[in-house]
Amino acid sequence: MIFIDACFKKPTPYTPIWMMRQAGRYLPEYMEVRKQAGDFLSLCKDYKKASEVSLQPIDILDVDAAIIFSDILVVPLEMGMNLRFEKGEGPVFDNPISTLEDLEKLDDQNAHKKLNYVYDALKLTREKLSQNKALIGFCGSPWTIATYMIEGSGSKNYAKCKKMLYQNPELLHKILNKLTQVLKLYLEEQIKAGANAIQIFDSWASALEYDKFFEFSFNYMLEISNFIKSKYPNIPVILFPKGISGYLDRIDGNFDVFGVDWSTPLDLARDKLSHKYTLQGNMEPCRLYDKNAIKEGVEKILKTMQNKAHIFNLGHGILPDIPVENAKYFIKLVQESSAK
């Protein structure tokens, strides 16, 4: 698998590519399946449909890896939190956590056993996927998941989380630790079900100041990665903490790929990290609106990463109104332009 080879810094015939949110709303085929499922959460829980949409970008765009269709918040859902998705508002928890009592009500022993719909989707997808295409399993970072559990929804300033961080850091650490233990088991089950690689999404890393990022987010991601790498050394682990270009000097640990978001200069990440890790990223997703912008972005990134281990990706998820033609052009251009 070219994607796995790149994760481990092995030579590849061209730069492998996939896109975050590649199974998504920009594809009419995805919208059709989502309509059949009824709503987003029902689609996540219907393993056959989740598998179908996971495979669509492979069939339509010929990306080098599929990522399983799911959501980072199915974990707190199966721990006992009441999750719903509101149109225009995103995910909402009706019972956010603010006390130790709230936390103790959550089931961390059985949550990973209730996520069979994710494992079934992985099994089915791996069966249908051609042998040269990788299948990526994933989870959110403990910090990013915790922000939703504490705020009750998405947030602009993370005031409830940060209030807890400064007033009651012990409680926040307990929440993060509980999540970390569940996520280890969850990812292990994903690997057993057929995931060839694991990505940990830390979407809200940039909400934390320098020292607090390492204490409350990065260290927990490393604990998960250490667990996976000690048991499954052949499974690459990708970390994607978004928006922390000023923190790169302290990034170190036992993982394989570092995801670079579009706001981080790729040459900066290359100079600081490419001796240790394969880099993944980092094209600005809005470049996909225009073919000239795509071409310019692809050329610049390939030049920056010349002779370095690299997986091409966007620097965040693909947007819902990107023309499919442009996405196809992007994938093909990367694969052809980078061919050795």
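Keep in mind that glycine also has a Cβ here, set from the backbone N, Cα and C atoms.
Residues or ranges marked as substrate binding site in Swiss-Prot: R21, Q22, A23, G24, R25, D71, Y148, S203, H316. The Cβ of D71 (site 'Transition state stabilizer') lies under 8 Å from the Cβ of F40, L41, C44, P91, each of these being in the same chain and 6 or more residues away along the sequence.
If you look up Swiss-Prot, you'll see D71 marked as site 'Transition state stabilizer', on the strength of sequence analysis. D71 (site 'Transition state stabilizer') carries neither a helix nor a strand DSSP state and counts as coil.
R21 (substrate binding site): 18 other CB atoms within 10 A of its CB, across all protein chains.
Just so you know, of the binding-site residues R25, H316, the Cβ with the fewest other Cβ atoms around it within 10 Å is the one at R25. Cβ environment of Y148 (substrate binding site): L73, P76, P91, F93, G154 lie under 8 Å away, each six or more residues apart in the same chain.
A23 (substrate binding site) carries neither a helix nor a strand DSSP state and counts as coil.
Taking Cβ-Cβ distances under 8 Å and a sequence separation of 6 or more, the neighbours of A23 (substrate binding site) in its chain are Y30, V53, S54, Q56, P57, A66, I67, F69.
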